[in-house]
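Reading through the structure tokens given below for one structure.
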Amino acid sequence: GAAPRLSVQAARLVELPCSSSDDDDSSLAGDMDLPLAEQDPAVWYPVPPKPGTLSQCVRYLAFLWNLLFLLLGLLALAVGMWGLLAKGSLWGAPLSSDPMLLFVLVGLGASTISLSGCLGALHSSPCLLRFFVGSVVAFAGLEVLGGLLLLVARHRLRDALRDTLLLCLLRYQEEPDLRFLVDEMQRSLRCCGLSSYRDWEINPYFNCSAVGVQACSVPASCCLDPWQNGTVANTQCAFGVLSLGDVAAGTVVHLGGCVAQLGAWFRGQAGGIAAGAAVLVLVEAVGVLMALKILRDIAPVGAQD
């Protein structure tokens with residue numbers, strides 16, 4: 001009875017596996033051989049560090065910086081579109097020669113680049129920030145190239161400027177923008193025509209063989225005193241000037257041309273132009289440095305995506 005049952009239980013105990021200290025050591029060693037991802041998931045998937053105060057300040061400053069230029073770009077774009085629509089240049093008029101097209105292109109480019117900088121800084125997007133940095137660097141390269149061309153080809157540019165002014169004289173009545181620019185140039189520089197006031201004879205409306213009240217005349221912006229009674233613009237002050245001699249015409253209009261006056265003005269404003277170019281480069285450099293700072297702060301996180 002009882003004795004056989006005890007012997008059977010003893011035999012079963014003998015057959016059970018025994019755990020030893022060697023087995024415990026081997027199991028611990030096996031656990032140590034596990035990959036890092038199985039030991040501690042936080043090692044493989046680290047929590048991104050919280051941006052510091054400086055990084056946050058740079059991020060929001062970059063956003064506001066680009067927002068300002070975004071608004072300026074949209075303003076230039078709106079002015080250009082308004083000018084094109086007001087003159088009907090979008091509906092059949094020659095668009096390529098319209099000065100308002102420059103406002104449209106500059107406004108579109110500036111707003112696009114600034115928008116990428118705003119969104120890149122706000123959302124910490126590496127793609128948008130890299131696009132912003134690349135665009136600004138490319139624009140700065142074009143500025144440097146343009147400056148070098150101005151220095152190297154300044155004589156050819158002088159001839160090109162003369163041809164442009166000649167075109168402005170020919171299309172003075174046809175293009176309101178050109179008429180405004182020519183009048184402002186002649187009024188501010190106290191000049192008339194390209195080389196002399198008689199250059200206006202090439203204009204079909206001011207030529208002495210033309211039909212109309214403006215025949216043998218020059219624009220009122222050439223007059224020594226374009227005002228009547230000091231308050232009202234006298235649009236007829238230069239009527240019939242081309243039919244007079246130089247001495248008589250000199251008492252009514254400026255005899256000298258605008259090419260020489262414009263060249264002297266550019267030489268006198270060389271320091272201001274250089275300072276403006278330096279400020280523009282500084283503004284672009286500040287924007288690029290802020291974008292690079294944001295990129296450096298988000299680089300560890302972006303590397304894991």
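Cβ coordinates are placed from backbone N, Cα and C, and glycine is handled just like the others.
Record features (TrEMBL):
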- CYS192-CYS208: disulfide bond (DISULFID)
- 63-88: transmembrane segment (TRANSMEM)
- 100-122: transmembrane segment (TRANSMEM)
- 128-152: transmembrane segment (TRANSMEM)
- 273-295: transmembrane segment (TRANSMEM)
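Annotation: stretch 100-122 has the most Cβ pairs under 8 Å to the transmembrane segment (63-88), among 100-122, 128-152, 273-295.
Ranked by how many other Cβ atoms sit within 10 Å of their Cβ, the disulfide-bonded residues CYS192, CYS208 place CYS208 at the bottom.
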